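Okay, structure first, notes after.
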Amino acid sequence: MSLSASGGFSGLAVHQGYDGSREIRGSVVNPGNSRESLVPEERSAQPANVGPTTQSPQTRTQPTLQIRRGAQTRAAPPANSSTQNGRNIIQGDIPCAQDPGVITNISPLTDPQRLRQRNNGAALRLATLNIRGFGNPSVFHQDNKWQHIRRLISTRKIAILALQETHLSTERIETINCHFGKSLIVIGSPDPENPTGKSGVAIVLNTELFRPERIKKNVIVPGRALMVQLDHGPSSMNILAIYAPNVSGSDGAENAEFWRIIKDHLPSTKPEIMLGDCNITEAGMIDRLPAHDDPEEACVALDELKQRLQIRDGWRTTFPNEKRFTYLQSATGSQSRLDRIYATDKIIETAREWEIGTTGIPNLDHCIASVQITNEHAPWLGRGRWRIPDYVVEDKDFLTFAQEQGELAQKELEETQTRTSHQNPQRIWHQYKQKLIQKARARAHQIIPGLQRKINATELDLSRTLNDPLIPEKQKMENARTIQIKLAELEKTRMNKIQKEGKTKFRLEGETPTRYWSQ
């Protein structure tokens with residue numbers, strides 16, 4: 001855990017003694033730039049509760065900490081306090097160090113200055129995904145879904161991800177935060193009856209892209225509706241993650257009651273964004289295949305909540321007539337757009353890149369829905385600097401061209417005797433670079449990686465199939481199911497390739513003093 005130099009913890013680490021006790025060592029950075037040692041009192045009697053534990057949150061023993069500064073000793077502020085050293089860190093019902101929904105593994109290598117420079121950019125990508133369970137109980141196992149989730153938000157640069165059907169208990173949340181704490185913060189709400197086998201919602205923050213100064217958590221419906229307030233800089237973002245109950249046939253009473261509970265128990269600060277698995281559609285004739293309407297009672301209740309929050313379906317607002325679905329029932333081929341992102345008009349006006357796509361995560365029947373929203377307080381940023389893609393840099397044809405043109409430029413430079421405004425080293429170098437850029441752009445269009453080209457072609461084929469009015473509905477269901485399964489397999493192959501490349505890079509550079517190692 002690292003915070004800014006104006007106050008907070010920095011460089012803390014856990015040390016285990018021979019007697020099995022643990023101690024938190026490190027320092028507290030104060031506004032006066034002085035450092036204080038942080039040592040637990042009665043270490044052997046009350047070990048620090050850091051990392052996974054089998055104790056329940058109610059019976060867990062909390063350590064008493066003392067801050068020693070020279071000869072003076074004073075008690076540390078309570079762990080569940082919303083302020084530490086004059087700075088608000090977390091408030092609401094998330095204690096700072098003991099709650100399983102907060103990072104408890106602390107990396108002494110984290111540089112707060114580097115984190116501040118990299119976080120909270122001009123635009124943030126939000127997404128929602130139903131992950132259909134936890135997977136293997138061990139986060140280290142290859143069948144556990146959280147390894148894939150971490151890779152997904154990293155490769156697609158997702159800053160905030162809402163998850164449904166997580167099957168996360170408080171112990172599992174703590175384990176994930178301990179294992180992935182350097183790059184993720186997981187804030188979850190387990191199901192009160194069966195936390196590891198039923199429902200569950202969570203919000204995942206990618207701290208490499210977005211690190212709020214304060215997080216406030218509000219559980220509206222345990223295991224199904226979780227609201228968080230993320231304070232970053234002069235503004236805050238209020239997000240409501242939901243996982244609505246299923247509807248069966250014409251019975252939508254449970255789903256309707258869910259929306260009413262949310263409407264009646266909203267906090268004073270209303271959410272600007274609501275996202276998740278709604279388990280109903282508002283326009284069944286376009287959002288379901290085969291087309292049919294959902295129970296009116298549930299649709300009316302959802303509509304009343306939308307009016308109360310003043311939010312709209314962003315994807316449908318952007319694509320009013322396009323068909324694209326997020327849920328596929330493989331047995332029957334029926335599809336529906338259950339996963340949606342609602343936002344206020346102010347957010348929708350500046351949002352872009354509303355997308356629905358596959359993830360490559362095994363054993364999923366839902367697609368991911370995402371959007372990129374802008375930070376109104378961020379400075380204006382241009383298009384950025386174009387760079388040659390990696391696959392072009394490794395292309396033999398491009399490398400041969402670069403070698404030949406470089407030799408010609410070198411020869412021209414050596415033959416230059418008199419410097420003029422039209423013949424000088426700077427102009428020769430500029431012309432050489434322009435030739436390389438033109439060649440790289442041409443090759444980039446010619447040698448798009450084969451796997452990515454197949455994925456692009458399959459997505460285009462799926463869009464044409466779903467939106468072709470001449471294809472009968474039954475045939476459309478069968479064709480779309482085949483294409484969707486093919487697309488999922490291609491995306492899974494791409495993610496496995498990324499995983500293999502990451503393991504190879506870690507094997508080569510993970511233990512060497514390089515930029516990769518320092519990150």
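Numbers here mean position along the shown chain, with the first residue as 1.
Using N, Cα and C of the backbone, Cβ positions are placed for all residues, glycine too.
Taken from TrEMBL, the feature active site, proton acceptor covers His366. Under the heading Mg(2+) binding site, TrEMBL lists Asn130, Glu165, Asp277, Asn279, Asp365, His366. Positions annotated as compositional bias 'Low complexity' by TrEMBL: 52-64. The compositional bias 'Polar residues' annotation in TrEMBL covers 79-88. The domain 'Endonuclease/exonuclease/phosphatase' annotation in TrEMBL covers 127-345. Per TrEMBL, the feature region 'Disordered' maps to 22-90. Annotation source TrEMBL lists site 'Transition state stabilizer' at Asn279.
The average per-residue pLDDT of the prediction over the domain 'Endonuclease/exonuclease/phosphatase' (127-345) is 93, rounded to a whole number. Spatially close to Glu165 (Mg(2+) binding site) yet at least six residues away along the chain are Asn130, Ile131, Arg132, Gly133, Ser199, Gly200, Tyr243, Asp277, judged by Cβ distances under 8 angstroms. Between the binding-site residues Asp277, Asp365, the minimum number of other C-beta atoms within 10 Å of a residue's C-beta occurs at Asp365. Sequence-ordered, the extra residues of this chain that approach the Mg(2+) site, with Cβ no more than 8 Å from the Cβ center of Asn130, Glu165, Asp277, Asn279, Asp365, His366, are Arg132, Gln164, Tyr243, Tyr327, Leu338, Asp339.
Cα of Asn279 (Mg(2+) binding site) to Cα of His366 (active site, proton acceptor): a distance of 11 Å.
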